[in-house]
Amino acid sequence: MEERTFEMELAGRKLLVQIGKVAQQANGAAWVKYGDTVVLVTACASKEPREGIDFFPLTVEYEERLYSVGKIPGGFIKREGKPSEKAILSARLIDRPIRPLFPHGYRNDVQVIATVLSVDPDVQPEIVAMIGSSVALSISDIPFNGPTGAVAVGLVDGQFIINPNHEQREKSLMHLVVSGTKDAIVMVEAGAKEIPEETMLDAIMYAHEYIKQIVEFIEGIVKEVGVPKSEVILHEIDKDLEEKVRAYATEKIYNALRTAEKKERNDNLDKVEQEVLEHFKEEYPDNLADIDEVLYNIMKEQMRKMITEERIRVDGRGLDDIRPIWCEVGVLPRTHGSAIFTRGQTQVLTVATLGALGDIQILDGIGDEEAKRYMHHYNFPPYSVGEVRPLRGPGRREIGHGALAERALEPVIPSEEEFPYTIRLVSEVLSSNGSTSQASVCGSTLALMDAGVPIKAPVAGVAMGLIKEGDVVSVLTDIQGIEDFLGDMDFKVAGTEKGITAIQMDIKIPGIDKEILKMALEKARRGRLYILSKMLEVIKEPRKQLSVYAPRVIRMVVDPEKIREIIGPGGKTISKIIAETGVKIDIEEDGRLYITASDLRSGERAKQMIEAITKDIAVGEIYLGKVLRITPFGAFVEIAPGKEGLVHISKLSKKRVQKVEDVVKVGDDILVKVTDIDKLGRISLSRKDALPDEEEEERN
């Protein structure tokens with residue numbers, strides 16, 4: 001393919017796409033430049049479908065290269081390792097809008113790789129990668145019902161900004177990413193500072209106008225350089241087999257579905273499956289997989305039919321009903337804060353831990369953020385769904401869910417000045433039947449309040465679903481697992497009483513329009529307010545006192561010029577304070593100093609030691625010092641951490657002293673008076689001028 005270059009203006013910057021320049025052996029490849037950010041996106045597909053699977057094997061990789069920001073990787077190996085959390089979240093951003101646009105039943109392996117080659121701080125590389133993935137797939141022979149476009153939206157001074165720069169992102173009240181086709185919205189992800197539903201909806205629709213321009217631009221590229229799509233050969237089920245299975249199993253599946261409790265319902269469905277397979281195994285011994293597929297289709301149809309025609313859900317709820325909620329705080333005696341949040345059969349334990357500011361997470365990546373003082377981690381063990389599988393650390397889903405819950409609480413976390421602690425939340429999913437990420441949001445709020453963290457407002461979350469059959473649209477509140485699995489949308493909305501703090505929308509149909517979004521957001525608001533009311537019945541506000549097991553923080557402000565003295569040569573002075581008191585000390589360049597101690601007493605002791613260092617030594621002042629070492633001509637005495645002076649042998653006593661050891665020894669605490677400080681800062685001390693006469697006489 002000959003090299004071709006395409007350009008368009010997007011939100012005040014030039015978007016440049018080069019085709020045929022690099023990676024020509026991939027099915028599709030696009031070199032995309034926006035500002036000074038450059039991303040190479042490739043798409044490849046296997047020639048044959050993968051046998052024996054019932055899912056679409058799509059993988060998306062987002063490769064961060066530190067050379068893109070002029071960095072050399074740290075560590076001994078000096079090369080990029082496993083993907084960072086940011087890279088995993090970016091890969092999910094690329095994956096989610098394109099996944100529903102592949103043909104249903106397509107089983108060929110498809111791999112999309114976005115490699116970040118150059119990063120302009122004013123241009124987010126993940127947005128460029130999302131556009132590039134659409135280009136690479138659209139021009140290739142891989143079956144894909146795109147193209148899609150993607151933009152970020154900020155809100156600064158009441159104005160929406162498309163693809164905001166670094167400074168605008170810092171000021172923005174929202175960070176919204178929207179992807180869609182020319183006709184509909186496909187994916188939404190946002191973090192916001194209590195934004196009203198109407199504003200969020202307007203932002204999404206505003207983004208769609210720019211998405212249409214991007215899609216039109218990509219369609220023009222496809223017309224010029226696109227190749228014909230390969231034929232999708234889908235497996236067809238024998239019609240006679242399907243009719244017989246439907247006649248035998250439909251009513252049985254319907255009855256099995258009408259079970260409120262998840263485990264019992266799954267057991268009933270398993271029994272129906274075994275009964276049907278047993279019934280047809282002699283007639284269709286080689287078609288058991290086809291029978292399973294027909295049973296799945298029947299289950300999906302019946303579940304959706306119950307909702308669209310009967311307006312009732314499998315567990316007996318109406319479309320707007322929320323499952324029973326119960327909460328408990330302070331469930332763990334030794335942690336700093338803990339809570340259990342239960343909604344139906346979804347249950348999450350969230351634990352809050354408070355640490356020193358030195359415990360912040362340092363991020364070595366290509367993004368804006370360099371350190372995190374607040375973090376949320378989400379664990380989804382196999383027992384939560386009654387399964388057995390190896391424990392291999394967090395997967396992409398767990399990282400994504402943890403980040404969503406983290407984003408939901410971020411706007412209400414107090415600032416470092418208000419609450420000088422590092423905050424870590426861990427959500428353990430104890431039982432899962434849909435919407436565990438939003439249960440983690442609720443559990444996080446309760447755990448923070450139990451820990452005494454002065455959050456600005458409580459946050460709750462709810463997951464909305466969608467069943468769309470023709471013109472019949474059914475929006476579901478508080479979806480459970482089967483409704484997520486067999487439905488058309490998973491729309492998670494978290495926020496306070498005032499507004500939205502985080503949203504995440506994924507769909508399985510080609511897109512949804514403004515009216516569906518509006519309905520979902522309004523129902524989510526009502527659901528969120530109800531859930532908040534149930535949470536506040538358990539704990540109305542953050543506790544006034546921290547847990548007795550939480551560390552105590554003492555704040556000080558010191559002269560920045562004194563920081564060097566506090567640290568001492570090679571860190572000697574500060575290390576000594578830490579060793580003697582058992583505290584942690586964090587010092588900022590502007591002179592802010594934080595002492596984190598397990599108890600207030602040791603913290604106050606460290607504070608006194610630091611004050612002694614920062615206080616100027618004055619001639620005529622008397623200090624209690626410690627003898628550090630002895631020489632033939634006198635004793636060196638430390639009168640403050642890192643500050644020592646000489647008591648000459650002639651100044652040890654009013655009487656003549658033959659040997660220094662006759663009066664003091666190493667380790668003695670003695671009173672001394674400062675008699676002189678020379679131009680070099682050397683301190684002269686006198687013992688004989690510091691002690692009362694009677695004490696001197698008693699000593700001798």
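The backbone N, Cα and C atoms fix where each Cβ goes, glycine too.
Remember, it's a predicted structure, so these values are computed and weren't measured experimentally.
Residues annotated as Mg(2+) binding site in Swiss-Prot: Asp484, Asp490. The domain 'KH' annotation in Swiss-Prot covers 551-610, and the record cites sequence analysis as its basis. Feature annotation from Swiss-Prot assigns domain 'S1 motif' to 620-688.
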Q: Determine, from DSSP, whether Asp484 (Mg(2+) binding site) sits in helix, strand or coil.
A: helix
Q: Find, among the binding-site residues listed as Asp484, Asp490, the one whose Cβ has the highest number of other Cβ atoms within 10 Å in the structure shown.
A: Asp490
Q. So what pLDDT does the domain 'KH' (551-610) average out to?
A. 92
